[in-house]
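**Q** To start, I am sharing the structure in question, which I have written as C-alpha cells.
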Amino acid sequence: MHLKVSRELFNENIIKINIWWAFFAPIVLAAILSFANIRGLFILKDLVFYSSLLLVLFIGRSKGFIFYIFRILVFIIYLFLTTSLFFELHSWIIYNLRQLIVPILIIGFGYYIKIEEQRRLASIVQFLYKTSIWVVFLGIVFRVIDIWSFLDLTNYFNLKGIPVDKRGLSYMFYEPALSYMERMVSTVLDPISLGHMLAAPLILCYYSVYIEGKKRKRLLIILAIGLILTFSKGAILQVILALFFFNKKLSPTTRFLIPSIFVAMALFTLNIEGILIHLFGLKNAIVYLNLFGHGLGMVGNYAKMFADDLSVYYKFEISDTFIGSVIGQIGLIGFAFWISFFLPKIRSIILSRRNHVGAIVLTSQLIIAAISENTFNFTSFIVPGIISGILIKNQI
C-alpha cells in the first residue's frame with residue numbers, strides 16, 4: 001500500500017512539473033538566449049517531457065503502456081519502410097517524424113501514467129487551474145509594462161528561424177483582423193499555443209471538474225479573458241465546440257446553432273483570406289489523397305521550414321493544417337495507423353450518454369487540427385494532451 005501511495009505521489013509530481021515547465025519554459029529559454037547564442041538549448045523545452053516519459057515507462061506506468069510504445073515503434077518502422085520504398089529518405093524528415101509522433105506520446109503519457117486516487121487527480125487539476133491563473137495574470141502585466149522593450153526576443157526567434165520586426169517580436173504577436181493589435185503571449189511567447197493551453201482548463205472548469213460555486217465562476221471569467229486576449233481563433237473555436245457541440249446536456253438545436261453562429265460571425269468579421277489558407281490546405285490534402293502520401297517531410301509547414309527540396313510542397317500546396325499534413329505526407333494507410341492511437345480514447349463522445357470531459361478536450365482539439373497546423377505541435381498540445389489522457393483513463 002505504501003509503495004502504491006509513493007508511486008502515485010511520484011507520478012502526481014511528474015505531471016505537475018510538466019504542466020509548469022510547459023507554461024514557463026519558453027520565457028525561461030528566451031531570457032537565457034537573450035545573452036547566449038546556443039541553439040541546442042531548445043532541447044531543454046522537450047527534455048523534461050522525454051525524461052518523464054522514460055521514468056513513467058520504467059517506474060510509474062499502468063498496464064498496457066509497453067504495448068502502446070511497441071505500437072509506436074511499429075508505426076515508425078512503417079514510416080521508414082514506405083518512405084525508403086516509394087520516396088527518398090532525407091535528413092530533414094526527423095522534424096516531420098517528431099511532428100507525427102509527439103502527440104501520440106503525449107496522449108499516451110497522460111493515459112498510461114498511474115493516477116487512480118481522486119485526491120491526486122483533484123490536486124493535479126487544481127494545480128493546472130492555479131498555474132493558468134498566474135499565466136493570465138503575468139500576460140496582462142507583460143502587456144501593461146511592455147516587457148518586450150527590455151527583454152529582447154530577437155535571438156530566441158532567430159534561432160528558431162522565425163523572422164522578427166524592429167521590436168524583436170514575431171509576426172504571431174499581432175492580430176491582422178484588429179489593426180495588428182498585440183496579442184497576449186504571456187510566458188509561452190506564442191498566442192496560438194497559449195490559447196490551446198488555456199482552452200483545456202477553461203473546458204474543465206466549465207464542466208465543473210474538481211471546482212464549483214463562486215470559485216468556478218471567477219476562474220471561468222479569468223480564463224475566458226485570457227483566451228480572448230490571445231486572439232487564438234482556433235482555440236476559441238475549440239472552446240465553442242467543447243462547450244456547445246459536444247455538450248450532451250443541451251438540445252440538438254443548441255448544440256449545432258451556437259457553433260454555426262460563431263463560424264458565420266468569424267467569416268464575416270475576420271480576415272477571410274487567412275481562414276481560406278487553412279481550408280485550402282485541407283482541401284488539397286483530400287483532393288490529392290492516395291494510399292502512401294507524397295513522402296515524409298515533403299508537404300506541410302515543417303516541409304517549408306526544413307526541407308531542401310520544396311518542389312512537392314509547391315506542387316500540392318498542402319500547408320496550415322495538421323491533419324492535412326499527416327494525410328499529405330503518409331497517405332490514407334498511414335493516417336489510419338496514426339489516428340488509431342486516438343480513436344479508442346474518444347469513442348465515449350459517441351457511445352456514452354454523459355459528458356466525458358477528457359474526450360471532449362481531445363476531440364475538439366483534433367477537429368481544430370484539421371484547419372491549423374500549430375494546434376497539435378508540442379507546445380500547444382502538451383498540457384491539453386496530458387490532462388485529457390488522465391481524465392479519459394479515469395472516465396472523467
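All positions are counted from 1 along the displayed chain.
Including glycine, each Cβ sits where the backbone N, Cα and C put it.
Below are the features I grabbed from TrEMBL:
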type     : residues : note
TRANSMEM : 20-36    : transmembrane segment
TRANSMEM : 42-59    : transmembrane segment
TRANSMEM : 66-87    : transmembrane segment
TRANSMEM : 93-113   : transmembrane segment
TRANSMEM : 133-151  : transmembrane segment
TRANSMEM : 188-207  : transmembrane segment
TRANSMEM : 219-244  : transmembrane segment
TRANSMEM : 256-279  : transmembrane segment
TRANSMEM : 286-303  : transmembrane segment
TRANSMEM : 323-343  : transmembrane segment
**Q** At a threshold of under 8 Å on Cβ distances, which of 42-59, 93-113, 286-303 pairs most often with the transmembrane segment (66-87)?
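**A** The stretch with the most contacts is 93-113.
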**Q** Between the stretches 133-151, 188-207, 286-303, which wins on the count of C-beta pairs under 8 angstroms to the transmembrane segment (93-113)?
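**A** So the stretch in question is 286-303.
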**Q** Counting a contact as 3 or more Cβ pairs under 8 Å, with residues at least 6 apart in sequence, do the transmembrane segment (133-151) and the transmembrane segment (42-59) touch?
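**A** By the criterion, they do not touch.
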**Q** For the transmembrane segment (188-207), name the stretch out of 20-36, 42-59, 286-303, 323-343 with the most CB-CB pairs under 8 Å.
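**A** By the under-8 Å Cβ criterion, the transmembrane segment (188-207) pairs most with 20-36.
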**Q** Give the nonlocal contacts of the transmembrane segment (323-343) in its own chain as ranges (CB under 8 Å, at least six residues past its ends).
**A** 68, 71-72, 75, 78-79, 82, 96, 99-100, 104, 107-108, 281-282, 284-286, 288-302, 316, 362, 366, 369-370, 373
**Q** At least three Cβ pairs under 8 Å linking the transmembrane segment (42-59) and the transmembrane segment (20-36), pairs spaced 6 or more in sequence?
**A** yes
